[in-house]
Amino acid sequence: MAECHPVGFQWVMEAKARGAKVIHVDPRFTRTSALADLHVPLRAGSDIAFLGAIVNYVLEKEKYFRDYIVAYTNAPTILREDFCDTEDLSGVFSGLNSETRSYDNASWQYEGTETQAASGERDQEYDERTGGGSSVTEAARGEAHGAGGAVIGEGEPERDETLTHPRCVFQVLKRHFARYTPEMVEQVCGVPPELFLQVCELVTENSGRERTTAFAYAVGWTQHTVGVQYIRTACILQLLLGNIGRPGGGILALRGHASIQGSTDIPTLFNLLPGYIPMPHAHQNQDLAAFVAAEAAPKGYWGNMRAYLVSLLKAYWGDHATEENDFCFDYLPRLTGSHSTYETTMAQLEGTCKGYFLMGENPAVGNANTKLMRLGMANLDWLVVRDFSLIESATWWRDGPEIETGELRTEDIRTEVFFLPAAAHTEKDGSFTNTQRLLQWHHQAVEPPGEARSDLWFAFHLGRIIREKLAGSADEMDRPVLDLAWDYPTKGPLVEPDAEAVLAEINGHDAAGQPLSSYEQLKPDGSTSCGCWIYCGVRADGVNQAARRKPGGQQDWVAAEWAWAWPANRRVLYNRASADPEGRPWSERKALVWWDADKGEWSGHDVPDFSKDKAPGYEPDQDASGPAALSGRDPFIMQADGKAWLYVPSGLTDGPLPVHYEPQDSPFPNLLHDQQRNPVRQLLPTLPDNRYQPSGDEHGSEVFPYVATTYRLTEHHTAGGMSRWQPYLAELQPEFFCEVSPELAAERGLEHTGWATIVSARAVIEARVLVTDRIAPLTVHGRRLHQVGLPYHWGPNGYTTGDAANELLHLSLDPNTHIQEAKAIAVDIRPGRRPRGPAAAELVRAYRARAGIDAHTGTEP
Amino acid sequence: MGDGPEARGNQWYGPQPDVAGASGYPDAPPRMGFFTDTSVCIGCKACEVACKEWNAVPEDGLELTGMSYDNTQTLGADTWRHVAFIEQSKPFGGQEPGVRHEDTDVFAAAARLGTDASSPGPGATAPPPGQAPEGAPAGQISPLSPDGRTELRWLMSSDVCKHCTHAACLDVCPTGALFRTEFGTVVVQSDICNGCGYCVPACPYGVIDQRKDDGRVWKCTLCYDRLGVGMEPACAKACPTDSIQFGPLDELRERAADRVARLHAAGVADARLYGEDPGDGVGGDGAFFLLLDEPEVYGLPPDPVVTTRDLPDMWRHAALAAVTLVGLAVGGFACRPRRAR
């Protein structure tokens, strides 16, 4: 965190000043470790084994917060009889279809009901919920399970508040994690038991009624074939300890850019609409009512999905969206499968994706298997790159690595590449949404230089020009574009759209045009408009609440007047859980919100994340729906059952509980289960440039004996587009380097500041060598493991240049999120510089031959 | 120059409580300086970049040094802040960093937390030195590491011009390009510097340096232009953990003494101040440091002495010698028997 989020780390330092203990778990000793109380080096890719063992410690030693989990989680909920855990099925769950590499989640359900996921894969039960209809045959895995949904049950889930029923979630958890012992942690993660127990003690002693512990992870956790399950394990732990919805608790995702949180809230993701409303799938005859019936939960705030969606459609299409035309619901694009970044690359290679916009993204350096990214772009008709500098993704056709090796020739490439310079954040108005969901407004300081323009300018004027070209068209296909409410006011010499007008559209307004102040005001009848329901209120009273900058010293510790947090300016989500079922704070010390019986409403330091006047004793009617169906003791108001999920019956593609599987490419067999890899990991085709490696005991795995992990340095930013061209930053980290231990250096003859060549089944790269004690060798499975650290900022362009670490990566992805496994791969390392030209590709081929790699290697379920 | 050296301090050596006054500023503001607390430095180098950005200091070379993450190497004409990285096999100890935020006294705020219902607050109450808060995980965290290694310590420290009480660079400058500001800081005027370079060997810290292309000398100005309009220097402004603190030197010294006491109480016996003592060889630094090891570890001289310390003596000796010479000469003439014409 100090390494990649130095500004945010000031608050960790402040917490330390107040007595907090900081534990840093990372394969490397980083700038964070330097300031931590405890550094725990572990093998990259083994976090579920580590976290799972803490879960086991908590369950075994009875360190959980019993009152909390009984009242607020699904620990007492009883599962169906036909559910089989990994304990019963050698490391996989019931419902696995090895052919299609997918799970049918029917058997994962609660006894007595069917549950809709609050996020994630909601489309799993589409057919059942809509009474049939055509399933998505070509659709892909994560986005729709088509026929593989759960059986609909009636009534409330069965519960056992004594937590003793053998099929209750709590007992299932206990059995599931029983094998995650300190001894396993030592074997699998390379963490000595004493060190592991120290972590367990620190975390559990600092959790409970009086104290809370927070987890912070960088997005590296997501970059595994089991990335979502990493975070799920942390969720289970935090819920067992009662650290969710309470001050000082939670799980913080440290995002990779200033507004990545914002880019999922108002998404750049293919499968979401603003506010986490799912993008509709191409089901037949689907209309708004059918979509809402399929996607909305009967209980909780997702029960109001129609109001959120209709308000969004009104924001998109304005007066054209009417009750009669289903509010233009048919204008929304439909998913026919997964259209993630990597599948888009595959479509480029197949020739079905012909045009590509890259806005502030540098896949030729930053994505996994960067060579395939370039080959995909080389198969496009046109490519638009908007960035500050001529990044590698804009010039690969001229000077990319494949030009050097002769695999591509400039004169053969037909892609028309447009480079359009982009304005920096100081050159435009706008907001950043940070990891804490704070929207912070930034004001333009200067006009952008030359032809540089903001993304807002680009998107608005592109839309304007397209609409002008289509004007008068009678083609129905053009209606969605022509009917858009595309009337943003512009200002200044550059005809820049007014960013505050966009914020006003996002915030929403009522039929009279008055700004809304809360998503509770949104209506399903088209009388309200709102561009993103969770952002509703950011411009309450017509004031830009995100621009508030009252210093912390001038307000209380919640600091509610600094910027604006979605939703409703709540600083801690699900904060109803900070009070006990009767509405009293669990402890005075950790009070956040509470029930004020005199006033008959929720009160507290933070904005209560609960219906303001719903008393703790409130019990819903049998036929209640939406938020009204939640009782006064259901703090997790977005969940269909109002409870936090220790166990996930619906919404995940790869299992209701986390399981330690080895990374796609691993030098080690899976000691915890017979199943080596995530059985439903998303494998993209094993093209000649995307070969997978043998793992564990498989023949040839010894060819790649070391574990490599990629990361960022403070001095550079992601794929380098914002930093490698800056002399002041380039001089601070002037060359691509790899970090190795003195032991590995001795073993392989690597010289400090000399060169090393690093090889995987995909690519070969070279890096300068930093020999440092900060990368400790670990003892894993009884043998010594060396790890190689690779910062991934470099590429061939810019002021400081070097090979791109991500050339080495494969395209085996997390099946939920389609994110690459960048944080744990197996490699070989040798001294000296890499071969040039065709000899480089020859070296990789030689390694593949030596390891016996073919198109089937590593693709076993 | 009516006051004696007792009231105004010595201009060449020893304690000097009023550097600006001694330089002729009648109503000078308090002496301003830096307190760089290396125990909370996270090595982000924001100070280096902010300094270069604000002062338009040029980039000075892309060289991977292999010296941990330090590719800056040293202070120089084109490096006015330099973050050193030192990797050691040594336990860090139960260090307890304290940071200061403008307008917020975190210790006072922390002391209030949990004491009343209106401020139940997150986190523990601030422990008094050496005493863990009630209910806090007990016991010192002992360093443990796989494979029998001792725990690592990674020291980071942002170095800068010391703005000495007795600044030899200033003393030897023949053009007056180097001058003492009303804030007690030492600044080079680039439009006056003639590039003679006398100041370079005069600096006991090796800070001031000539730019190769134009021969003039450059160094930290403690952002004289920003101070003049009531702003803090760029590096201090950019520092996310308040490792670099800017303020009146008296206050900084008090804060630093308190900080060292806290660290000692928390078991960090290595913590010490560097350059804060007005009795040291340069009369104390305007920019001083809290270090966690010997100064040499950070590349700092252990006992710097203003190189012009002995100038008065030298002049006294020279004067004596001159007087003697003159005396001898005069005597020679006097004793010389007159020659009859």
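Note: Cβ is positioned from N, Cα and C throughout, glycine not excepted.
Positions annotated as region 'Disordered' by TrEMBL: B:1-25 (among others).
For the domain '4Fe-4S ferredoxin-type' (B:32-62), the model's pLDDT averages out at 97. Sequence annotations record features per position, and here TrEMBL assigns domain '4Fe-4S ferredoxin-type' to B:32-62 (among others).
For B:Cys47 ([4Fe-4S] cluster 1 binding site), the same-chain residues lying six or more positions away in sequence with a CB closer than 8 A to its CB are B:Arg81, B:Val83, B:Ser158, B:Ala234, B:Cys235, B:Ala236, B:Ala238, B:Cys239, B:Ile244. The secondary structure of B:Cys47 ([4Fe-4S] cluster 1 binding site), as reduced to three states from DSSP, is helical. If you look up TrEMBL, you'll see B:Cys41, B:Cys44, B:Cys47, B:Cys239 marked as [4Fe-4S] cluster 1 binding site.
Following the DSSP three-state reduction, the secondary structure of B:Cys223 ([4Fe-4S] cluster 2 binding site) is coil. Feature annotation from TrEMBL assigns [4Fe-4S] cluster 2 binding site to B:Cys51, B:Cys220, B:Cys223, B:Cys235.
TrEMBL lists B:114-144 (among others) with the feature region 'Disordered'.
Sequence-distant contacts of the domain '4Fe-4S ferredoxin-type' (B:152-183) (same chain, at least 6 residues past either end, Cβ-Cβ under 8 Å): 10-13, 15-16, 19-20, 23, 25, 28-29, 31-34, 36, 38, 41-43, 47-48, 68, 75, 80-92, 145, 189-190, 192-194, 196, 198-199, 202-205, 207-208, 217, 219-220, 222, 224, 227, 235, 239, 243-244, 275, 278, 282-289, 291-293, 297-300, 306-309, 311. Here TrEMBL flags B:152-183 (among others) as domain '4Fe-4S ferredoxin-type'.
The [4Fe-4S] cluster 3 binding site feature in TrEMBL is assigned to B:Cys161, B:Cys164, B:Cys169, B:Cys203. Close to B:Cys161 ([4Fe-4S] cluster 3 binding site) in the fold, though at least 6 residues off in sequence, lie B:Leu75, B:Trp80, B:Val186, B:Tyr205, B:Val207, B:Ile208, B:Lys219, B:Cys220, B:Leu222, B:Ala287, each with a CB less than 8 Å from its CB.
Positions annotated as [4Fe-4S] cluster 4 binding site by TrEMBL: B:Cys173, B:Cys193, B:Cys196, B:Cys199. B:Cys193 ([4Fe-4S] cluster 4 binding site) carries neither a helix nor a strand DSSP state and counts as coil.
Remote same-chain partners of the domain '4Fe-4S ferredoxin-type' (B:184-213), defined as residues 6 or more beyond its termini with a Cβ less than 8 Å from a stretch Cβ, comprise 19-20, 28, 31-33, 74-78, 161-164, 167-178, 219-222, 224, 227, 249, 281-282, 286, 300-301, 304-308. Annotation comment: TrEMBL describes B:184-213 (among others) as domain '4Fe-4S ferredoxin-type'.
The transmembrane segment annotation in TrEMBL covers B:314-335.
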Cβ-based proximity (under 8 Å) of the binding-site residues B:Cys44, B:Cys161, B:Cys164, B:Cys173, B:Cys199 to chain A, or none:
B:Cys44
Three-state secondary structure, B:Cys199 ([4Fe-4S] cluster 4 binding site) (per DSSP):
helix
For B:Cys193 ([4Fe-4S] cluster 4 binding site) and B:Cys41 ([4Fe-4S] cluster 1 binding site), what Cα-Cα distance in Å is obtained after rounding to a whole number?
34
Of the binding-site residues B:Cys44, B:Cys51, B:Cys173, which one sits closest to B:Cys203 ([4Fe-4S] cluster 3 binding site) when you measure Cα to Cα?
B:Cys173
Which of the binding-site residues B:Cys169, B:Cys173, B:Cys196 has its Cα closest in space to the Cα of B:Cys223 ([4Fe-4S] cluster 2 binding site)?
B:Cys169
Compute the C-alpha separation of B:Cys44 ([4Fe-4S] cluster 1 binding site) from B:Cys51 ([4Fe-4S] cluster 2 binding site), stating it in Å without decimals.
13
Please report the DSSP secondary structure of B:Cys173 ([4Fe-4S] cluster 4 binding site), reduced to three states.
coil
B:Cys51, B:Cys220, B:Cys223, B:Cys235 excluded, remaining Cβ within 8 Å of their centroid ([4Fe-4S] cluster 2):
B:Cys47, B:Ala50, B:Trp54, B:Asn55, B:Trp80, B:Arg81, B:Val160, B:Thr221, B:Leu222, B:Pro233, B:Ala234, B:Ala236
Measure from the CA atom of B:Cys51 ([4Fe-4S] cluster 2 binding site) to the CA atom of B:Cys41 ([4Fe-4S] cluster 1 binding site) and give the result in Å, rounded to a whole number.
16
Provide the three-state DSSP residue tally for the domain '4Fe-4S ferredoxin-type' (B:152-183): helix first, then strand, then coil.
5 helix, 13 strand, 14 coil
Around the Cβ of B:Cys164 ([4Fe-4S] cluster 3 binding site), the count of other Cβ atoms that are within 10 Å:
28
What's the number of neighbouring CB atoms sitting within 10 A of the CB on B:Cys235 ([4Fe-4S] cluster 2 binding site)?
28
Entries of B:Cys51, B:Cys196, B:Cys199 which, being binding-site residues, have CA atoms within 10 angstroms of B:Cys169 ([4Fe-4S] cluster 3 binding site):
B:Cys199
